[in-house]
Amino acid sequence: MDKSGKAYWQATLGLLTKILIIWFLVSFGAGILFAPMLNNFHLGGYPLGFWFAHQGAMYVFIALIFYYKKKMGDIDRQFDVHEE
Amino acid sequence: MDLQTTIYLVVGATFALYIGIAMWARAGTTSEFYVAGGGVPPVLNGMATAADWMSAASFISMAGLISNMGYGGGLFLMGWTGGYVLLAMLLAPYLRKFGKFTVPQFIGDRYYSKSASTVAVLCLLVASLTYIIGQMTGVGVAFSRFLGVSSEVGIYVGMGIVFLYAVFGGMKGITYTQVAQYIVLILAYTIPAIFISFQLTGNPIPQLGLGSSIVGQDVSLLSKLDQVVTELGFGKYTTSTAGSTLNMFVYTFSLMIGTAGLPHVIMRFFTVPTVAAARSSAGWALVFIAILYTTAPAVAAMAKTNLIRTITPGVIMSNADVYGKDSAIEYETRPDWMKRWEKTGLLKFQDKNGDGRIQYYNDKSKSEDFKKKAEEAGWKGNELEVNADIIVLANPEIALLPNWVIALVAAGGLAAALSTAAGLLMAISAAISHDLVKGVFAPDISEKGELLTGKIAMACSILVAGYLGLNPPGFAAGTVALAFGIAASSLFPAIMMGIFSKKMNREGAMAGMLSGLFVTLFYVFAHKGLFFIKGTDYLDLIGGANSFFGITPEAFGGVGAMVNFIVAFLVDKVTKEPPEHIQHLVESVRTPRGAKAVDGAH
């Protein structure tokens, strides 16, 4: 792989890592591991940990995919590997 | 108009619509049959993916299970949506760039081996067939209510319709039909939820209603529900986990990576025009899926509330005593919906204490305090059995909604089951006719012969799935979860390593897939019987149920995937690295430029 190819792949992996950390934190973190603790707080009638497991994580997932799509498009153009 | 006529009318009208669309968009060539010529725009593809994805398990079964499980049911919600993040980032764009139209084709080319592709076909078949068994269970429930017959007869009718439907269309027909099915199923799911949310909380948006107070009271719906179910001996709704925290963790993980490894979902991303479109298609699919998935927890909690409200009217809306003599309704005065569901055999009443009233509670509760109270109240065991799979379909009836809403839900349930069954059958038929017969056994088979082989494969799958669906290994959603575990443990790691590791070789991938599949099936069959045939389970051999750290068979795919990764890594280390041209292939898959439309040629 040439130099810019390597840098492109590094940039891609960096973005993926960042997104996967958030992905993990909202679902496995807030929705499962820390849910009992978060349940001490409330969001309207929702205990917060319950809310993450039954609602919140899903909203964040959607945002993550569109964020990924946008950032990935930027990286493609930066390294000039986007589709014509 | 009476209810039954309305149901026939609505279901009939939606069927006419799907068949009309399928005829209009009928596939002519093999490529069109499998991938719709690569020309479906992202939003529509997202909608079709959502319909394909949301099966009887999501539509009919999931909310019912959440209703029983409470907080722990969140594993379905997070698992089946979180997988899309993985799919969008780790697989979809790269597989689209790769430009072939089945998963075994990718495995075969990337691991430069027909044997690897054959192993992938095997994994795909096991996962997809298990999935269809779950669908058939759901189809049986939907048709039994719709035609007023037993659930067995419902399954036979469903088998016939699924077959006609899948053989007819092909992928292009299916894609456009699925857009229509998505619209039907999402309306069918949200409209009753809106009505019910408004009735119970005064807030028409179910996602907000679930976090609101009960109409005319100062207490939130969830804390009221927590209180009442605890009084009835069940676990507290907002905190009861599915087994241990570890099990919930692994279960969620298994569903997530299974989502990203299921061939019929991955196949959808071959049908978009560009790599960029593959990325946004996954996002759109998740938007359309989340409309249902964020409504489901509201449906679950509100159905539970309404069920208890039906049986003990005063307990929810005012503060009547759960244990009071007159709290429960008399069996003779039960509402019509109970009578209708009794006919299907999925709702049963047995007057154990002979007082003529319906006692509904958890008679397996371990709380001494609760047992004493139940005894004092003269309860002699739970008298009402409600199959979890009927909750969603019965929900609008329980809430006494108008007939057209009930009919719409029946149509929606059928749309969900049919669209997914069709998508799965496509994946099976493509794997057998394209990857196995054309790819390995008879490379010079004609295009017509290939299509025919595919259709025969579909017919056989329906028969097997229908037979096993008569004695399902669990509720629809539970059975489907097994399918995800199988996909998670076998296909996902191989595809992912094929993209993210240039050095992964064919020996590693094949050893990984086979060992992941084997340990998962070994554990699942120990609980559910060999090939899901009742009475052939061998729990003693593994030391009792859930003996591996309390992990349930549905969750075991997560462990299987880890085994897959580790075995693949170890075998890869001691065998030859892949040839130069394969490493270049991986590099080229990683950049979007130069993506061509799929052509299906080898």
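Even glycines carry a Cβ here, placed using N, Cα and C.
Feature annotations, courtesy of TrEMBL:
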type: TRANSMEM; residues: B:6-25; note: transmembrane segment
type: TRANSMEM; residues: B:46-67; note: transmembrane segment
type: TRANSMEM; residues: B:73-95; note: transmembrane segment
type: TRANSMEM; residues: B:116-134; note: transmembrane segment
type: TRANSMEM; residues: B:146-167; note: transmembrane segment
type: TRANSMEM; residues: B:179-200; note: transmembrane segment
type: TRANSMEM; residues: B:248-270; note: transmembrane segment
type: TRANSMEM; residues: B:282-303; note: transmembrane segment
type: TRANSMEM; residues: B:404-432; note: transmembrane segment
type: TRANSMEM; residues: B:476-496; note: transmembrane segment
type: TRANSMEM; residues: B:508-526; note: transmembrane segment
type: TRANSMEM; residues: B:546-571; note: transmembrane segment
Query = Do at least three CB pairs under 8 A connect the transmembrane segment (B:46-67) and the transmembrane segment (B:73-95), leaving out pairs fewer than 6 apart in sequence?
reply = yes
Inquiry  = Under 8 angstroms for C-beta pairs, at least 3 of them, ignoring pairs fewer than 6 apart in sequence. Is the transmembrane segment (B:282-303) in contact with the transmembrane segment (B:179-200) by that rule?
reply    = yes
Ask   = Against which stretches of its own chain does the transmembrane segment (B:116-134) lie, if we need a Cβ under 8 Å and a gap of at least six residues from its ends?
value = 55-57, 61, 103-105, 107-108, 261-264, 420-421, 424-425, 427-428, 431-432, 435-436, 439-440, 461-462, 464-465, 468-469, 472-473, 476-480, 482-484, 486-487, 490-491, 494, 506, 509-510, 513-514, 517, 521, 532
Selection from B:146-167, B:179-200, B:248-270, B:404-432, the stretch that has most Cβ pairs under 8 A to the transmembrane segment (B:476-496) = B:248-270
Task = Mind pulling out the one from B:146-167, B:248-270, B:404-432 with the most Cβ pairs under 8 angstroms to the transmembrane segment (B:179-200)?
result = B:404-432
Request  = Please work out whether the transmembrane segment (B:146-167) lies in contact with the transmembrane segment (B:546-571), by counting C-beta pairs under 8 angstroms that are 6 or more apart in sequence and asking whether there are at least 3.
outcome  = no
Task = Please figure out which one of B:6-25, B:248-270, B:546-571 racks up the most CB pairs under 8 Å against the transmembrane segment (B:404-432).
result = B:6-25
